[in-house]
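> Reproduced below are the annotations present in Swiss-Prot:
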ACT_SITE  ASP388  active site, 4-aspartylphosphate intermediate
TRANSMEM  78-98  transmembrane segment
TRANSMEM  276-296  transmembrane segment
TRANSMEM  318-338  transmembrane segment
TRANSMEM  831-851  transmembrane segment
TRANSMEM  855-875  transmembrane segment
TRANSMEM  901-921  transmembrane segment
TRANSMEM  935-955  transmembrane segment
TRANSMEM  972-992  transmembrane segment
TRANSMEM  1013-1033  transmembrane segment
Amino acid sequence: MPTEARDNNRHIHLGKVRDPHHQHAQRFCSNRISTCKYNGFSFLPRFLYEQFRRYNNIFFLAIALLQQIPDVSPTGRYTTAVPFLIILSVSALKEIFEDVKRRRSDNKVNAFSVEILVDGHWIEKQWKDVSVGDFIRIDNDSLFPADLLLLASSEQQGMAYIETSNLDGETNLKIKQALDITSTMTSPEKLSQFESEITCEPPSRHVNEFNGNIEINGVARHFGIDQLLLRGARLKNTAWIFGAVIYTGHDSKLLMNSKRAPLKSGTIDVQTNYRIIFLFFVLVALALISATGSEIWRGNNIPQAWYLSFLEHDPKGSFLWGVLTFFILYNNLIPISLQVTLEVVRFFQAIYINNDIEMYDVNSDSCAIARTSNLNEELGQVKFIMSDKTGTLTRNVMKFKRLSIGSRNYGNNEDDEFADASLIEDYRQGDEHSTSILEVLKMMAVCHTVVPENKDGQLIYQSSSPDEAALVRGAASQSVSFHTRQPQKVICNVFGEDETIEILDVIDFTSDRKRMSVIVRDGAGGDIKLYTKGADTVIFERLEHGKEQEEAVEYCTEHLEDYASFGYRTLCFSMRHLTEQEYSQWAPEYKKAILAIDNRAKLLADAAEKLERNMILVGATAIEDKLQEWVPETIQALMAADIRVWMLTGDKRETAINIAHSCALCHTNTELLIVDKTTYEETYQKLEQFVARAIELEKQEKGFAMVIDGKSLLHALTGEARKHFGDLALRCHAVVCCRMSPMQKAEVVEMVRKLAKHVVLAIGDGANDVAMIQAANVGVGISGEEGLQAASASDYAIPRFHFLRRLLLVHGAWNHDRSVKVILYSFYKNICLYIIELWFAMFSAWSGQTIFERWTIGMFNVIFTAWPPVVLGLFDHPVPAEQIMKYPALYASFQNRAFSIGNFSLWIGLAIVHSLSLFFLTYATMEHQVVWDNGLTGGWLMLGNCAYTFVVATVCFKALLECDSWTWPVVVACIGSIGLWIVFVIVYSLVFPHIGGIGADMAGMAAIMMSSYTFWLALLFIPLATLLWDLVIKSLFTIAMPTPRELAVMYNKRTTSFNGFERLASYSSNVLENMRLLTSSLRGSTTGSTRSRTASEASLALAEQTRYGFAFSQDESSAVAQTELIRNVDSTREKPTGR
C-alpha cells in the first residue's frame, strides 16, 4: 500500500497486500476527476458571487431592502423582493441543470474501465477506483488512467509505443522503455511477487521532467521521463504494458496543466453592467430632481394652503425621505426581468444548438452540445480562433500518395491511397527507370525503424513515425513487402521472392541533419549500399555532379512543386554504392564516434558527412497528413468572416507549417516570419525586426504570417519582448505556434484576450488543450473522438471541426443579434412605462404618488411584456442560415451592429419620446375626465390604467417592428400580450377586490374603461402615432445603414436591380461602400478547393519549404535510439501474453 510522503518527495510501497480502506490510501489524491463549477458546499456562495457580479442584481437587492422601511415605498414592500427571488431561483435551476450535464460527462470519464492486479489476478475496475501504488494492465489502443511507471511490456526489452498527440499534439509515437530489472515481470504471477519502494519527486506540471528511484532487494535504480507514462496518452502498437500508479487524479501532470472551470461571463453581460450603471446614475439624478421639485412645491404651497399645514412638520416630507421615495418609485427603469429573460432565452438557444441536425456526425453518432448557455452571444463576436492541430484539423492518419522517379510522376490526388498500376508495369517491362523503381521501393521497405508483426495472418507495422509506417505500407502495396526484422537483418518479399538484406549500420535521423541513412548489404555477399532519405535541401546538395543528376533534380523539383501545391509532406531518396574498402575504412571511425563521450554529436556528424556524399537521386515521395473533413473550406469561410485563425500545437515546426498550407491557413504567397531563437536578446531583436517588416508588408498589402516555437515563446511572453510579440501577432493574418506546452497555449490565449480586447475562441480535442479552452472567452471541444477531457472542459462541444462554421456563422450571429435585441428591448419597455411616473409627478405635486396600481407595476415585466422579448430571442431570423453559410462576410456585419453606445442611446431616446407621447396624448384625451355620455369621470387610476394599456400595446407593436422575420410565435406573443392585459383587467377588477381586499382600487375598473368609446379609439390611435417616430427612423436607416439581411437580399437580386441600387446609394456613400465591401467579400468567400493553385504559387510553396525544411515525423528524443531499436528487435520471437 502507498505510504505517506515523509518529506517533499513521494514514497510509494509496491507489492504489499493492499487494503483500499486503509487510512494511508487517503493520503494521495483520488483518481476521480471533476470539471464541474459547483459542489454541494460551494454552490450557494459561488452562485451568489456569480449573480451579484451583475450590478442589476445588487441594485434590486438594495431596492428590496429599502422597501422594507415602513411608509417609504409608494409601491408596497414585496413588489421587488418576490420577483427578485423568482429570478434568482430560475437562474439557480439553470446553473444546476448545466452543472449536472458536466457531472455526467465527468462520470463518463471516471467510469472508463481498467484492469488492476488484485491477489494475483487482473480485475476490471473503473478509472476512479485507481489508487497510487496499484499495478495496472493497459492493452493496445487504450488510454492511461493515471501517471504510471512502466514496469514491463509485450515488446522486447520492455519497449512500448506511446501516442501523446492528446497531450502535446505531436503526431509521431514516443518509445518508452522499462528498466531491465522490471522488464522481465511479464506475467501477473511474477508481478504479484514483486516488492519494492519508489521514491520520486512530488507532483508537478512539467511534462518533460521526472526523476525517481526504485529500490529492489536493497539496490536502488534511477528512473526518469523515459519510464513515465502520462495520463491521457495512449498505448499504440504494443499489445500490453504493466505499470505502477505514481500520480492520480489532479496530481497527474495532465490535470496539473489544467485549471478549474472558470466562471465566464460574456462581453454583452459586461456591457450590460455598464449600461445599468449609467441608468443607475440617471435614476439617482431623477430621484434628486423629483425630491427637489417636492421641496420647491412644498415651500410654495404649504404656507398658502391652511389645509396642508399638517404637512409642515411631517418627517416624511424631508428631502432625504423624498429621495428614497422617488428612488423606489423610479427603480423599475432598470428592468428586473432582464436577467431571467436572458436566462430563459439562452437556455432555449442552447437547446437549438443541441438539436441542430446540421451539426450531427453520423460516424461518431454525436451532435453539438452546449455545455453552458451564458456565452451564446459570444459565438457571434469571435475575432480570434486558437486551434489545436492534431485531431482537430488533422486526423493523424498518413497516406502514401505520390511517387517521383526520374521524369515519371506516379499516383494521383483523387485516390485515398497510392494507386498507379503503371509503376509496376514500367518495372516489369524494363523501363529506363526500372532500376530506380526497384531501389526506391526497397529503400521505402528498409530505411526505417518500423517493426513488423504478423497478427492473424496480417502484417501490422509498429512505428514511432507515422510517416515511416505509411512508406512501408506504400512499398508493400507495390509488391515490396517488409515482413521480418532481426537484429542484423531484415527480410522483404520483393515481387514474390524473399530477399534478406543485412543492416550494417544506421545513421540516426535528427532535426539538424534532416535525414536518416542505413548501410546495407544486398543479399549474401552482395553489394554494399548507402540508402539515405531526407529533405530535398539536404539531399540535393549531396548528389554527385553531372548532367544526369542535374536533369534528375530538375524533374524532381517540378514534381515537388506539384506536391507542395497540395500540402503533402515530401521526402527525397538517394543512394550510393560503396566498395568493401570504402566501408571498412569508414566503419571503425563511425563506431568510435558512437562510443565517444566528449564531442559525440560532432564526431557522429563528421563521420556521416564523409559517407553521405556523391549520391544519386533515386526518387521522392509525397505523404498526405489527412485533414479532417472540410477543414480548408471551413477556415476559408471563417477568414472571410473577418476572423483570424491561429494554430497552436505541440508538434514540430515543419509539420505545423505544412498543415498550415494544406488547410488554407497560409497560402503559397504568404510570407512566413519565423521566430526560432533561444535567448531573450535574440528573440527580442527578431521580433523588433519582424514588426518593422510587418508594417512594410501591410503598406504593400501582402499577406504574412508568424511562426514561433515554444522556446522562443518563453522569451516572447516576458519583459519588453511581450509588447513586440503582441504587436506582431495582432498584425499577422495567421499565426502558427509550435512545440508548445499546454500552459503556453493558455498564456497565448490570455495575452491575445488582453491585448486585442476581442472575443477569443479556443478549439481542441485533447487533454493538452484544456488549459487554453478554459482560458479563452469561448472554449470549444471536439467530442467525436475518444478521450473526453477537452469536451468535458469546454463551453461547447462539436463532433468535427467543420461544424464550427455553422456554430459561429449561424448560431453565433443569430444569438448575438437576438440577445442584443432582448436587452435593448427590455431597457426600452421599462423606460417607456416607468418614466411616465416622472411626467405624472409634475402633475401630482411631486408627491411620490404612483399613477399605476401597485401590483400591475410589478407584473408589467413578469407577465404582460414577458413574452415579446423571449420570442424575439428565440424565433427572430435576422438572416437565413443558408445565406450566411454561403456568404460568411455577413458575420462581420453582425458584429458592426454590436451593443454600441450609439445603438443603446437610440433605443433609450426613443423610449423617452414614446413615454412623452403616451402620457401626454393620454392626458390630453382625458384632460377633463369627461369620457362617458352621461358625464361621469374616472379619476387618476383611470388615467393610469389607460396609459398602461397604451404602453403595453405600443411596446408589443414595437417588438413586431424590430423583428426581422415575422414567425407565428412572434405574432402570437405580441398580440397575445395585449389580450392578456385586457383579460387581466377584467378578472382583477371583478374578482380580486372581493378576495381579501386585494386590489381594492381596481374594483369596477374594467367596466369603467371598456364602456368608453374614447378608450377604444385612443387604443387604436395613440400607439400608432407613437410608433411613427420608429417608422421614419427605420426607413432612414434602411437607406443609410442597411442590415445584413437587407444587404444579402440586395446582393441576391443584383442581376435585376443592382443598377437601381447604385442610383439609390448615390444618396448615401456609406451604403455604397458597405455594398462594395460585402459584394467583394461574398465573391471571395465562395468555397472551393483550396488546392487549385497556379504553378507560380506552387513554386513559391516549394521555395518556402526549401527554406524551412520538410515535414518528416520522427521521434529523435526517444528512450530507445534508432540504432538500438533496430539492433534489439527480433520480430520472429513469440511475445508474452501478460496473462
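Count begins at 1; order follows the chain as displayed.
Quick reminder: no glycine exception, Cβ is built from N, Cα and C everywhere.
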> Are there residues at least six beyond either end of the transmembrane segment (831-851) with Cβ under 8 Å to its Cβ atoms? List them, or say none.
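That would be 74-75, 286, 290-291, 293-294, 296-297, 301, 322, 325-326, 329-330, 332-333, 857, 860, 908, 911-912, 914-916, 918-920, 923, 940, 943-944, 947-948, 951, 954-955.
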> Run the contact check on the transmembrane segment (972-992) against the transmembrane segment (855-875): 3 or more C-beta pairs under 8 Å, excluding pairs closer than 6 in sequence.
yes
> Test of understanding: applying the rule of at least three C-beta pairs under 8 Å (pairs 6 or more apart in sequence), is the transmembrane segment (1013-1033) touching the transmembrane segment (855-875)?
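No; fewer than 3 Cβ pairs under 8 Å.
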> So how many other Cβ atoms are close to ASP388 (active site, 4-aspartylphosphate intermediate), meaning within 10 Å of its Cβ?
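Looking across every protein chain shown, the total is 31.
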